[in-house]
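Below you'll find the structure, written out as structure tokens, and then a few comments.
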Amino acid sequence: MSLPLKTIVHLVKPFACTARFSARYPIHVIVVAVLLSAAAYLSVTQSYLNEWKLDSNQYSTYLSIKPDELFEKCTHYYRSPVSDTWKLLSSKEAADIYTPFHYYLSTISFQSKDNSTTLPSLDDVIYSVDHTRYLLSEEPKIPTELVSENGTKWRLRNNSNFILDLHNIYRNMVKQFSNKTSEFDQFDLFIILAAYLTLFYTLCCLFNDMRKIGSKFWLSFSALSNSACALYLSLYTTHSLLKKPASLLSLVIGLPFIVVIIGFKHKVRLAAFSLQKFHRISIDKKITVSNIIYEAMFQEGAYLIRDYLFYISSFIGCAIYARHLPGLVNFCILSTFMLVFDLLLSATFYSAILSMKLEINIIHRSTVIRQTLEEDGVVPTTADIIYKDETASEPHFLRSNVAIILGKASVIGLLLLINLYVFTDKLNATILNTVYFDSTIYSLPNFINYKDIGNLSNQVIISVLPKQYYTPLKKYHQIEDSVLLIIDSVSNAIRDQFISKLLFFAFAVSISINVYLLNAAKIHTGYMNFQPQSNKIDDLVVQQKSATIEFSETRSMPASSGLETPVTAKDIIISEEIQNNECVYALSSQDEPIRPLSNLVELMEKEQLKNMNNTEVSNLVVNGKLPLYSLEKKLEDTTRAVLVRRKALSTLAESPILVSEKLPFRNYDYDRVFGACCENVIGYMPIPVGVIGPLIIDGTSYHIPMATTEGCLVASAMRGCKAINAGGGATTVLTKDGMTRGPVVRFPTLIRSGACKIWLDSEEGQNSIKKAFNSTSRFARLQHIQTCLAGDLLFMRFRTTTGDAMGMNMISKGVEYSLKQMVEEYGWEDMEVVSVSGNYCTDKKPAAINWIEGRGKSVVAEATIPGDVVKSVLKSDVSALVELNISKNLVGSAMAGSVGGFNAHAANLVTALFLALGQDPAQNVESSNCITLMKEVDGDLRISVSMPSIEVGTIGGGTVLEPQGAMLDLLGVRGPHPTEPGANARQLARIIACAVLAGELSLCSALAAGHLVQSHMTHNRKTNKANELPQPSNKGPPCKTSALL
């Protein structure tokens, strides 16, 4: 870390803690920041734009304009009694002359292409020509709407070509801007234009960078909003508090330079770190979003603070140096405060937005998990249990789409209410000033001189109003009126004393609801924070419980004098918990009373089964009154169901071994098993799990778990990993990814079967079946259908991508629906479905089609082992290994007529990995298809394995079990990939192929060197005690495994 960073690193932690607090209470922080910024926004804009102070009541019969403003818009003419000429006066001069005869001359032109149109009748008309009327009155009257005798409505318009005369608005804006910029030379204008172009490029880069890290719009918009809030707060501070206002022109010129210099790189880096951290976090780590935001700010905050402090010191220095230039000093002060507020808002407002983005990502990932599990055949109750476990670390209110909409609506509604009044007043002022009036000098008409008008012989002033145009009311005028009326009505309603208070109250209620939901979410977050401690307490409970059991069984023995443990309050609590649960989860009890069977049946029919003791429930099962498979549903306690089933089977099978704990059953999450992995559960089978590695695969290091009971298998694969790493690691290529299901159907005749095959092979048939199949799943996508005929039997092989799930159940659902559509919609009514699976898949059976066409993931893994490593690590030589591989794996397997078995022991590694990682063990039949190739390259050994049918998934099936899921976490591939569906399953297939590569390399080396038997004798025959059966002891049963843990 550089020296400047070291000096400010102590400032990072307060900012990181602030960011974590904001992430915990995002709605609170966002609302407070928006309210403060909105207050500053209203104050600043009212100061900079004075014309917004007009009342919005001009939508009446006559325009209600302030007299002073209307007087300024008129062209004034004066004639004294002693003169016959009219003198042009300014507004100030006309106001200084007092005369009782002051008239307003209005010129009204009716725009109509039809000369026969009936025009409205008007009062005070002194002259008319064609469709133009001149009105002379003592008060200005400009009606917005007139009605002719035939009912035609005429609407006031500046001209008849543009709605609201947007052209004039644009023209006046350009004129004002031109007047301001005329003071600059061309070089300055070029610099300003370049600054705005660079500003546009910076904004484009912001959206592009955010899109790359996973946000299409909202994070970019949030970054801009953060800077805008900082601008408004700094403008309010300098303008209202410090009385150092920066001119509007300086803001227009200087802000692009500030934005370009500072940029948005730090906000992009904060977002990138947070999203990448979220993607790297495995599902079961349960890290909270607030901790991710804390780490992001802690890692990136030093650079953020360093750069902002540098900018702030630069502006302060500039203000001191140029103190003789007030405009520049004020702008430097504004820039300084803008940086300060932007820094604070980055740790509050922007961090809160980031936390909400992460929460939404968690919701999305968890929803994908639940939908995938349900599509893969896991019952909804089990899927919900897993879904809740995955989302337990997230705030509860964000799981509800209604709550998300409520939070967003609160903020968006606030912004709309703030801007509606401003927008309405601005619209009204703009219409009045740029549409109805302009600064043109209007000449006095000639008819004034000869027209017989009373009082014109006296001292008189005539103020000529701008010419007004009226057009017949059309449809688009009505639409415009409706829009303006709605805006005006809402604006007036907001300003109403009662409604404004009601809206404020409603907004307060909205915030209170969000606060309530957030407080409710703390319960779930606190539960997850407490869960690690509760796990420790559970372990203590198990230890204390085991110790209690052993003590009760050996209480006749003398007490140990040297191992006494003091009793604490926690021990008392744990003992009470044990006593409360002992009656439910006890394996056997001699003191349990058993009621008559008839009474038990009667209670069961009244759904009182849960209130019976275990022996009574077991008695119902033994006597055939309660099915063995229905215990979980009836008892609503999966662990108790396992216990009762063991008691019942110990009687039915006359095997008291199930009463003991030699087959363990305690401390296991059977909720994940029920409906997903196994039925009639009586416990679980512990299998030793070893680990090999690290193994470098495509540049990434992995520790790979293996569950096996075969000695020296893990040690052998470990040696292979060491040799592969010495050569730089393994590289992989995935050539195919598609699970298959092969239904068989029958037609009455061969002609119809052949016609259906031709249709399915055609583009029309493929597209029709794809459309039907893809409609059944969010994840499964049909790639291709392969067909073949055997008599009138038609076999179809559906190849489908299934995301990160292995996907057999998912595909079966799509196949069933596709076959149904063929019968009902595509004209194959005479088709008979023989079986959804016609062994053309082929699943869990050796088949050449899997070896040739592939099934699941097709992976090729390769590694180059240096010659000296072959000698030093593998204790062999390159030529011997190449010769062995040809003779054994290629020629030997061919002589045996093997299909896909051109390897040494790929099934060993595949099965061990499948058991450890929750895969279907039966699918090792086709997943173990492998051909191992070796050749010598420049004295080194190049070895590869090609496995065309690895069938794996990282969600569903056995992966829902916590131990297997934890091993997937060890590899970093648990659950669905957050951004690229199927990436985790494909990576798992690569890892399995590389593990097979390591096992093949080590075993072939042992065979070439003649070490195989020796290694097995060493690892599997270490002592004679390992092979001895345990003998009963008079001192009591052996110590339980749970007690040792």
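Every residue gets a Cβ built from N, Cα and C, even glycine.
In the shown protein chains, 16 other C-beta atoms lie within 10 A of the C-beta of Glu710 (active site, charge relay system). As annotated by Swiss-Prot, active site, charge relay system applies to Glu710 (among others).
What Swiss-Prot lists as active site, charge relay system is Lys844 (among others). Other C-beta atoms found within 10 angstroms of the C-beta of Lys844 (active site, charge relay system) number 17, with every protein chain shown included. Annotation note: Lys844 (active site, charge relay system) sits in a coil segment as assigned by DSSP.
What Swiss-Prot lists as active site, charge relay system is Asp920 (among others), and the listing cites similarity to another entry. Cβ-based neighbour count (10 Å, all protein chains) for Asp920 (active site, charge relay system) stands at 17. In three-state terms derived from DSSP, Asp920 (active site, charge relay system) belongs to neither a helical nor a strand segment and is classed as coil.
Residues or ranges marked as active site, proton donor by Swiss-Prot: His1016.
Swiss-Prot lists Ser777, Arg778, Phe779, Asp804, Ala805, Met806, Gly807, Met808, Asn809, Met810, Ile811, Ser812, Asn1020, Arg1021 with the feature NADP(+) binding site. DSSP classifies Asn809 (NADP(+) binding site) as helix under the three-state reduction.
Residues or ranges marked as phosphothreonine in Swiss-Prot: Thr565.
According to Swiss-Prot, the feature region 'Disordered' maps to 1018-1045.
According to Swiss-Prot, the topological domain 'Cytoplasmic' annotation covers 1-24 (among others).
Per Swiss-Prot, the feature topological domain 'Lumenal' maps to 46-186 (among others); the stated evidence is experimental evidence.
The annotation topological domain 'Cytoplasmic' is assigned in Swiss-Prot to 208-216 (among others) on the grounds of experimental evidence. Long-range contacts of the topological domain 'Cytoplasmic' (208-216) within the same chain: residues 223, 264, 268, 271-272, 275-276, 357, 979, each at least 6 residues beyond the stretch ends and with a Cβ under 8 Å from a Cβ of the stretch.
Regional average pLDDT for the topological domain 'Lumenal' (238-243) in the model is 85. Swiss-Prot lists 238-243 (among others) with the feature topological domain 'Lumenal'.
Annotation source Swiss-Prot lists topological domain 'Cytoplasmic' at 265-301 (among others), citing experimental evidence.
Sequence annotations record features per position, and here Swiss-Prot assigns topological domain 'Cytoplasmic' to 346-402 (among others).
Marked as topological domain 'Lumenal' by Swiss-Prot: 424-497 (among others).
The annotation topological domain 'Cytoplasmic' is assigned in Swiss-Prot to 519-1045 (among others) on the grounds of experimental evidence.
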Where DSSP helix means H, G or I and strand means E or B, what are the helix, strand and coil counts for the topological domain 'Cytoplasmic' (208-216)? 6 helix, 0 strand, 3 coil
What parts of the chain pack near the topological domain 'Lumenal' (238-243), using Cβ distances under 8 Å and only residues at least 6 beyond its ends? 43-44, 47, 330, 333-334, 337
Out of Ser777, Asn809, Asp920, the recorded positions in the record, which is closest to Lys844 (active site, charge relay system) when you go by Cα distance? Asp920
DSSP on the topological domain 'Lumenal' (238-243): how many residues come out helix, how many strand, how many coil? 4 helix, 0 strand, 2 coil
What is the interatomic distance between the Cα atoms of Asp920 (active site, charge relay system) and Glu710 (active site, charge relay system), given in whole Å? 19
Tell me the Cβ neighbour count for Asn809 (NADP(+) binding site), meaning other Cβ atoms within 10 Å of its Cβ, over all protein chains shown. 18
